[in-house]
Every structure is written in structure tokens, then in C-alpha cells.
Amino acid sequence: MPLITNVIARQILDSRGNPTVEVDVLTESSFGRAAVPSGASTGIHEAVELRDGDREVYLGKGVLKAVENVNTVINDALEGMLVTEQTEIDKLLLSLDGTPNKSKLGANALLGVSLACAKAAAEYSGLPLFRYIGGTLANTLPVPMMNVLNGGAHADNNVDFQEFMIMPIGFSSYSDALRCGAEVFHALKALLKSKGLSTAVGDEGGFAPDLASNEEAIELVIEAVGKAGYKAGSPTNAGGLGDAHVMIALDPASSEFYDTDKKKYIFKKSSGQELDSAEMASYWENWAGKYPIISIEDGMAEDDWEGWKILTDKIGSRVQLVGDDLFVTNSIRLADGIERKVGNSILIKVNQIGTLTETLQAIDLAKRNGYTSVISHRSGETEDSTIAQIAVATNAGQIKTGSLSRSDRMAKYNELLRIEEELGDEACYPGIRAFRV
């Protein structure tokens with residue numbers, strides 16, 4: 001029987017050189033390992049990432065308290081449990097913590113254990129993780145959101161918006177879509193060089209040059225699509241897709257430039273322009289009418305429900321509106337958003353909520369209510385590629401895992417190539433069918 005014999009945690013480093021938690025789960029006949037990611041722009045409603053706070057060690061970012069919680073409290077509680085009982089394991093983890101935001105033991109401690117248990121169970125069952133979680137119907141490779149140009153909190157430049165992404169929607173296989181993304185990435189690098197702009201990359205592998213405006217960022221990306229030999233779509237209000245190979249996705253991370261006292265969106269890094277909620281929604285409406293934008297994530301701030309409603313009413317029928325800081329992978333906040341009719345998609349970050357079971361519950365709630373799900377990395381990543389497995393397991397249809405550089409990002413893309421190969425003729429790449437707008 002696959003009884004848990006030992007749960008071991010250690011402190012490792014993520015892609016930004018900051019400590020994070022890695023967990024090994026051992027049973028009598030299997031093994032699972034998971035490393036926990038960490039965000040730079042984090043929502044205030046996220047589960048708590050437990051840090052040591054000792055400024056003399058790793059600038060206060062150590063995770064030895066979380067590691068100790070795994071090696072003592074959690075290890076003692078899980079010893080002897082069936083590793084295949086994921087729901088019961090996650091229930092026990094939540095009860096051991098006992099707080100609504102996982103602040104006692106740390107969401108980073110709980111998540112590492114939860115994912116490592118799932119991996120150990122999959123190994124015991126002789127199945128890849130995507131098949132163990134998703135069953136025989138798990139066969140959809142996700143359309144990637146490829147973050148090729150960075151601004152905001154992810155880059156030291158003068159661009160307010162955090163991520164400018166390409167989505168290769170006009171292809172019949174994941175491998176062809178990945179090739180498109182790589183070629184556009186290299187075309188963008190050459191384009192930036194030709195203009196004397198920096199090709200240094202941000203946290204997620206996208207370029208981070210100083211530009212004249214936020215508009216220049218999206219225009220450079222569209223130009224690079226053409227230079228790579230692909231066709232960008234038209235604005236969605238003009239028919240949009242046709243025979244397009246690539247559409248644009250944005251993550252402005254609007255909470256990062258929202259002033260809660262003034263109730264204004266302030267473009268602090270560029271023009272200094274100040275917009276209220278209605279004006280910010282109109283700003284995105286204008287962009288969606290001007291550029292081939294298929295998806296906007298966090299177009300409004302995390303608690304600006306009124307702004308979200310205005311934005312959804314304006315463009316929600318033709319643009320995917322993804323809630324990240326708004327929903328934080330939390331079924332309670334998602335249910336609230338569904339009731340209010342705001343957004344039409346949820347970003348899924350496993351470390352925002354803290355257990356695999358809660359993650360799957362959020363995805364299921366979204367599906368049952370016509371919302372799409374985008375499985376996502378964090379800006380602080382590791383070589384762990386679990387989210388690639390989860391994307392296929394849930395048939396989510398979309399994944400957001402950075403640019404076409406940095407091995408912590410490529411680990412996920414390459415894992416999806418392996419899964420596509422394993423699925424063979426069963427593999428499905430949805431392209432534009434991944435969207436419901």
C-alpha cells in the first residue's frame with residue numbers, strides 16, 4: 001500500500017535567487033518532489049507565503065520556518081496516510097493550518113506537500129501526473145501566453161504595463177505553436193537591436209527596453225510577428241481572427257499602478273497620466289479596437305469591482321478578461337465575480353491558494369459557469385514543471401509560463417512537448433477554440 005513514510009522539506013533558490021520551499025514525499029514504493037514558485041506582483045487576497053523575516057539572512061526572504069513546519073507538524077500528521085487520498089491529505093493540511101489565508105504554516109509549505117503527494121501517487125499508479133489527475137479524457141495541449149516584452153513590476157524600465165504577450169492561435173499542434181513563439185521572440189530581439197534598444201530580459205524572460213510609450217511596446221510586438229513571417233490578427237471588433245497566426249494578450253497588472261486613496265490609475269513609469277475607473281475601461285476599449293488583443297488580465301485593480309463591471313460590459317463579449325489579483329485562484333472570490341458578472345476567465349496560480357484540491361475546485365467552478373481558466377507560473381520560478389501537467393490534466397486550454405528564454409520557463413514548454421509526444425494522435429491543440437469570446 002502507498003502509505004506515506006516521510007515528508008522532507010528543504011530551502012532551495014528560485015529563478016530570482018530568492019529562497020523557496022522544495023518538498024519530497026516518500027511512500028513505501030514511490031516518490032514525489034515539488035518546488036514552490038513565488039510572485040513579484042502579488043494580490044492582497046492571496047494565501048500567505050511564510051517568510052522568516054530575518055534581514056541578516058537572504059534579506060528576510062528565508063523560508064526555514066515553512067521548511068520546519070513541513071518537517072515536523074506536517075510530516076508527523078501525514079505519516080501512515082494513503083498518498084492516493086489527495087482530498088483527505090489536503091483537508092488535513094488545511095485543518096493543521098487552521099487559518100483562512102494559510103498564515104500559520106504557510107501556503108508555500110502546504111503547496112509543496114500537496115503537489116509532492118500527487119506526484120508520489122501518480123508514480124505509484126504508474127501514470128504521468130496529467131493522466132493521474134485528469135483521467136483518460138486529459139488530452140488538450142494549452143495555447144501558450146508568451147510574455148515577450150516586460151514592464152511594470154517585472155522590469156526596470158519606463159513601461160507601465162507588466163506583460164505584452166503573443167498567443168499562437170492559428171496552428172493545429174502545440175509544437176508548431178511553440179515554434180511560432182520562438183521565431184517571433186528572436187524576430188523581436190533583432191528588431192529591438194536594430195532600433196538601438198536593450199535586449200536585456202525581465203523576470204519572465206521577456207525583453208525590457210525603455211520605450212517612448214506603452215503603445216510602442218504593443219506595436220513592436222505586432223511588428224515582430226510580421227518580421228517572423230506570421231500574420232497578426234485584426235482587432236476583435238473588426239472580425240479579428242480570420243487566418244491569423246497570432247493574437248496579443250496583455251497583463252497590465254493594474255493593481256500595481258492603482259492609487260487606492262485617489263481611486264485613480266496612475267501611469268507612474270511613463271506619462272504620469274491619471275485615469276478613473278470609467279476612463280481606464282475606455283482606455284482598454286480603445287486598445288481593443290485598435291490592436292489584435294484577444295485577452296487582458298487584471299485590466300482593473302483587484303478590489304475595483306465597479307471598474308471590472310464597466311470593463312466587462314464594454315468588451316467582455318469579444319475579449320477574454322482574466323482575473324488574477326481579482327480572483328487569486330479562490331473559489332469564494334470567483335463565485336462573487338460570477339454573481340457580479342465581472343470578467344470571463346480566471347488565472348490559476350497554485351501558490352495563490354495553497355493546495356491542489358482547492359486549485360482543481362476553482363477550475364471546475366470556472367468551467368461550470370462558462371469562464372475559461374489559464375494555468376499560470378509566477379515570476380519567481382524553478383525547474384519544476386508541474387503546471388504543465390496540470391494544464392493538460394484539466395484540459396484548461398491555456399497556459400501562461402513566460403517567454404522563450406530562461407530555463408525555468410522553458411522547462412514548462414519542453415514538458416508540454418513531451419506530453420504531446422506521449423499523447424500522439426490523441427493530442428488536441430485548440431487554437432482559437434480555447435477562447436469563449
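Numbering starts at 1 and runs along the chain as it is shown here.
Cβ atoms here come from the backbone N, Cα and C positions, even for glycine.
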Recorded Mg(2+) site member, picked from D243, D251, D364, that accompanies E297, D324 in Swiss-Prot: D251
Swiss-Prot annotation, (2R)-2-phosphoglycerate site containing Q162, R378, S379, K400 - matching residue among K193, K195, K349: K349
Distance, E204 (active site, proton donor) to S379 ((2R)-2-phosphoglycerate binding site) (CA atoms, angstrom): 6
Position of peak Cβ density within 10 Å, selected from the binding-site residues K349, R378, K400: K400
Between E204 (active site, proton donor) and R378 ((2R)-2-phosphoglycerate binding site): CA-CA distance (Å): 8
Protein Cβ atoms within 10 Å of D324 (Mg(2+) binding site), excluding its own: 29
